[in-house]
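Written out below as structure tokens is the structure these notes cover.
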Amino acid sequence: MSCMSGSIPFYQKHHLHYDRGYRSKETQSKVSQYQASSRYSASGSASAIHEHEEHFKRMNEDSLMHAPEFVIKPRSHTVWEKQCVRLHCTVSGWPDPRVVWYKNNVALDPLANPGKYKIESRYSVHSLEINKCDFDDTAQYRVSAMNAQGELSAFASVVVKSRFHQIPQLMPILSEYGITFQTHIVDKFGVSFGREGETMSLGCTVIIYPALHRYQPEVEWYRDDVLLSPSKWTHMHWSGDRATLTLTHLNKEDEGLYTLRVTTKSGYETYSAYVFVRDADAEVEGAPAAPLDVRCLDANKDYIIVAWKQPAVDGGSSILGYFVDRCEVGTTHWIQCNDTPVKFARFPVTGLVEGRSYIFRVRAVNKSGISRPSRVSEPVAAMDPADRARMRGSTSAPWTGQIIVTEEEPAEGIVPGKPLDLQVTEATKNYVVLSWKPPGEKGLEGVMYYVEKCVSGTDSWQRVNTEIPVKSPRFALFDLAEGKAYRFRVRCCNSAGVGEPSDPTEATTVGDKLDIPSAPGKVIPTRNTDTSVVVSWEASRDAKELVGYYIEGSIVGSNVWEPCNNKPVNVTRFICHGLITGEKYVFRVRAVNAAGISQFSQESEAVEVKAAIGEYTSPAPPYGITVLECVRDSMVLAWKQPTFIGGADITGYFVDYREVIDGVPGKWHEANIKAVSERAYRVSDLKENKKYQFQVRAANMAGVGIPSLPSNTFLCEEWTIAVPGPPYDLQIREVRNDSLVLLWKPPVYQGRDPVNGFYVDIKEADAPEEAWRGVNTKALEKTYTKVLIRSGEKYVFRVRAQNKAGVGKVSDVTEPVPALTKPGTKEIVVDVDDDGVISLNFECGNMTPDSKFVWSKNYEEITDTSRLSTETKGTKSKVVFNRPGEEDIGVYSCLVTHTDGASSSYTLSEEELKRLLEISHDHKFPIIPLKSDLAVELLEKGRVRFWLQAEKMSNNGKVDYVFNDNVVSQGEKYKMNFDKNTGVIEMTMESLTPADEGTYTFQLQDGKATNQSSLVLIGDVFKQLQKESEFQRKEYFRKQGPHFIEYLSWEVTPECCVVLKCKVGNMKKETSALWHKDRHQIKVDEHLGFAEGVLKLEIAQISKKDAGVYEVILKDDRGQDTSTLNLTDQGNFVRIFIFAANSSTPLKITSTDEGIRLYTFVSYYNDLLQVTWHYKDSAIAFSDRIKSGVVGEQLWLQIKEPTEKDMGKYAIEFYDGKGGLRRTVDLSGQGENRARVAGGLPDVVTIQEGKALNLTCNISGNPVPEVTWLKNDREITSDEHCILKFESGKFASFTITGVNTSDSGKYSILVKNKYGTESGDFTVSVFIPEEVLKLNTKKVQRKELLKIMINTVCEHLVQQISLKI
């Protein structure tokens, strides 16, 4: 093998091998029917080719996994004793079948009989060689092939005869030459890598023993199971011991699996290896790679459809379309067939000359340029298909590049009829292809056609080819409006005229009828060799006209993707060669059809490139076979999964059955040829009322395991019970210390009515049968439940189903499960990323290389990717919600295969979904939190400050300041500041003008997060702010000189003097303060003062003459300030005098000589003080009997000669213009309940010094009055000298033990209760006997004493008169 040098991408750096998967695939498609030497001859080559084609069709029914199939079965032989015999067979199937040879149903073991038997298996060809046959070797031999998809056997008989004559031992009856050839292929070509335009040679040395000089074996080369023939692209050579295939000009069409097959009379040998062809460098940087596999379809007289495959490399930008070029055979002139690129990988080329041959090529175009042209197609002639078929059937002259077309003798003057079977054969958004059949009449003059169209829904037909009619019964229409619907019809024409139109087609909407395939499913890489990885994937769903798949690989972390194949492969498994040992790779796959290339699949998990370690083993046998349903001729079985699955996933199960008659089991029979994936299977074709046993075998990639033990014997009779059969396939997941989840499948046998619920039973594993108890009292509708358990216990479970008839049979009991949370157990975690994407995440730390994450919703595996996407990388997997909504509510669980039960679940409830959606919205549209919204405040000088404070912003945060939807910027008018440490954002203005009325907005942005806050300043709000700003501005300048801190105001002192005052600031010695009243300066007198920054003016005994406008002027060289107070308002005076009203004492009652007096005292009285007396809430009409008046500061109401009618509530009201102040007293019950001094006190007591004085009076009133004694209007208290007593609430006594001159004076007793107050007065005069003489000599003193005594007596008489009234 040789190839031209050049730079090699990552996947083409090593000489590599292929794995056993290729051997089986290669053998499946290359082996031809083995012929016995006695029947094989050179003349059979044609039939051999036919057999090869039939075999090729048969072998390609399933390109990936399929059951074993005998391509060549072993033949029976009759041999002489002492001869050797060899039985051959060829077996296909994937996974590779395991082949066992049997003699009379006993497996042959070559080691048990050394030298007797030789068993070989090479590339799907299996042989059994029996050495030195004797009579014991006469037997029936069976070869059995078995894999995960099934098992198949073939039989051959060997008969050994005795000799009648002695024949030399070395004369076997074999081939016509009498020789058995042994073929060996050595010096083999390996996996090879080339580049477009290069030349590559593949070669092998072939050793045939014995070597005969003139004997030539049949040497054939295959590419992808297709036999190659010599051409300008492929040259083949056989030198006698070496076979060589030369690829003269590599193109991507040359990529594939190459196989050398050497056939002799004794059999054949094959060898295969893959050839990769990478793209040539683009002529324009960034241009796509060249298309490939250009073919011509549906060739007619003037019309050919050209098809191709899209390249794997698009140059870094999407391919915009393709240009199709044609060239007439015999010339070198290429003509572009389409003016604009077409995206569909098929294109109808029209305008061809009938009888001429053409070749085609295709170029791809993207925004960077046009690719190199593809390899040219095979030549194709523009002619009627019927003529082409006739030419193939006759011997033709040497090729001249032109075909002579002959026609029947025409019938003159006949107009052709309607074309037949008009239909739309292909429709894309670029063109529509019509096909029809010519009219049935024969012998017509050369018929041509006109095509007409009309928009659907109208009857306006328009001829498409108005100038030149077409000759072919095919036509492509271009320039149709995409999305519109059209109908079409065709007319025939000849020299005699134009015929009637055909029946129109149904309405056809212009657009691509073929969709681009969906992305392939999960991609799984598996280690293969030190330089290759096996990549398998799930096929694209619902893909139509699929061409194949492109695979790409990338070294982890490099983010550089390279194609692993440049020619689409139509299988879902491919070996990527040329990888770097020890590196980790990820892979992705795209699907291709004529409509285009799909999106990439999800990236695979990373896989390290190194040789696969260890081999899988077949699984252990299943167990626990039970019957789920039984009818007359079939039974549904269920079983449990093997305890050991062999390291690989179980791919299926095989069921065998046998009849049991009188307790004696019969022969086993296969129930299913193809493996079943479920652990339940219906065995059919049984006999009613017969007894059967069953066994089950499990299969994986390593093969089919040994069968299970035979089941119990079951009677095949139809179940007629009303209740359901048993549930089955119980599984336990999510085992924790306190809970687990139990899953099951509903019974196959429903009973008389559908199943409507389930009951779960539980008991401790070692507890007796009677310990079973129910988990649920109400039937469960779902086929799963969470069970609460106790830590440390072991439990078993069973399930029963119910319908209307009752509860049915119990299921099989589960295996014991301990209530234990295993170390390293993790739970599903919900996450919302920065883009608002909601996902469920699960991590498993004890995975194996074969472990997979299986996600489920409500414990049913998720297969619909429209709402959920699954991503798995390493030991982590997550489910992403594409469009979260109410449809996603449910229980989500994740199970990791090939572990000790790692699983977890998460319940997405309606409330949780709402919470996550809110978080998602906040992450998608993050809001910068604000501590305070936009506000406005006034600074000194009346400056206006707009500000807000954000919670937190980064250094990249920015702010736009907007006024009335216009962004404003820093300048003379606006000053901005953004303190990113505190988050305070502010904008200041010196003042406000009418033009500043409007809406102010701060727009914040910090990465994706945004927010804004607005403040509307219009109308009264703006005017008030503007007014305040102007005021503050004026205030600032006012305060630069002497000014008023507090303006002129007034207050009333407790003595009811009015004080005008103001507080001033920024004063100095030169500052003058001038008082004015009604603009006349007040002369400074003792009432004008200035202390501690306060100016005062006191007005004593204010009256109406003091009304006026008072003004204070502060003035110095810095300026002046003025404060004014208006005391001319009636309201001000009323408010001043209300202070006097507030000083009034509670209303009291006293007795007078004329009757009763009600009185109160005020601090100061003025005639401006408005007073009103009320009786029982009505103003009192004054008369001679009831009078009011003022004496000094006392305001009184006198009731002369009171009667019972005068009893009631009295009040005095002081009016201030808005409300009033009232003082009230109640005279109700005055006559019998008010406090009284009944009598017993003298008016005057004259007593000699040293004597004892004792006075007693009667007291009455209800409640009992309070008693107070006064001396000279001052209260006295009881002591040793003056003893005061009040006994029984009736008697008050006054005792002085020894009087002296100091005890002389006026004494009073005051009694008081809630109904009134009364007093009694008396005078005590203490004398010394010598005083009488002194009085005679001092008249003046006598006169004074007499005067005092007279006054005292008069007052006492007045009180006595009042008491009598």
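For all residues, glycine too, the Cβ spot is worked out from N, Cα and C.
Annotation comment: TrEMBL describes 68-159 (among others) as domain 'Ig-like'.
Sequence annotations record features per position, and here TrEMBL assigns domain 'Ig-like' to 168-276 (among others). Mean model confidence for the domain 'Ig-like' (168-276) is a pLDDT of 84.
Look at TrEMBL and you will find 290-385 (among others) tagged as domain 'Fibronectin type-III'.
The domain 'Fibronectin type-III' feature in TrEMBL is assigned to 418-512 (among others).
According to TrEMBL, the feature domain 'Fibronectin type-III' maps to 519-612 (among others). Residue counts of the domain 'Fibronectin type-III' (519-612) by helix, strand and coil are 0 helix, 44 strand, 50 coil (DSSP-based).
The domain 'Fibronectin type-III' annotation in TrEMBL covers 621-719 (among others). Counting residues per DSSP class in helix, strand and coil order gives 0 helix, 47 strand, 52 coil for the domain 'Fibronectin type-III' (621-719).
Residue counts for the domain 'Fibronectin type-III' (726-824) under DSSP, helix first, then strand, then coil, are 3 helix, 46 strand, 50 coil. The domain 'Fibronectin type-III' annotation in TrEMBL covers 726-824 (among others).
Feature annotation from TrEMBL assigns domain 'Ig-like' to 818-909 (among others).
Per TrEMBL, domain 'Ig-like' is recorded for 1042-1128 (among others). Residue counts for the domain 'Ig-like' (1042-1128) by DSSP state, with H, G and I taken as helix and E and B as strand, are 3 helix, 52 strand, 32 coil.
The domain 'Ig-like' feature in TrEMBL is assigned to 1247-1325 (among others). Secondary structure of the domain 'Ig-like' (1247-1325) per DSSP (helix as H, G, I; strand as E, B; remaining residues coil): 3 helix, 50 strand, 26 coil.
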Out of 418-512, 519-612, 621-719, 1042-1128, 1247-1325, which stretch touches the domain 'Ig-like' (818-909) the most, going by CB pairs under 8 Å?
519-612
For the domain 'Fibronectin type-III' (290-385), what are the DSSP-based totals of helix, strand and coil residues?
1 helix, 45 strand, 50 coil
Using a Cβ distance cut-off of under 8 Å, indicate which of 68-159, 290-385, 418-512, 621-719, 1042-1128 has the most pairs with the domain 'Ig-like' (168-276).
290-385
Per the 3+ Cβ pairs under 8 Å rule, pairs at least 6 apart in sequence, do the domain 'Ig-like' (68-159) and the domain 'Fibronectin type-III' (621-719) touch?
yes
Taking DSSP states H, G and I as helix and E and B as strand, how many residues of the domain 'Fibronectin type-III' (418-512) are helix, strand and coil?
0 helix, 49 strand, 46 coil
Pull the DSSP breakdown for the domain 'Ig-like' (168-276) and write it out as helix, strand, coil residue counts.
3 helix, 58 strand, 48 coil
Mind checking how the domain 'Ig-like' (68-159) divides into helix, strand and coil residues in DSSP?
3 helix, 58 strand, 31 coil
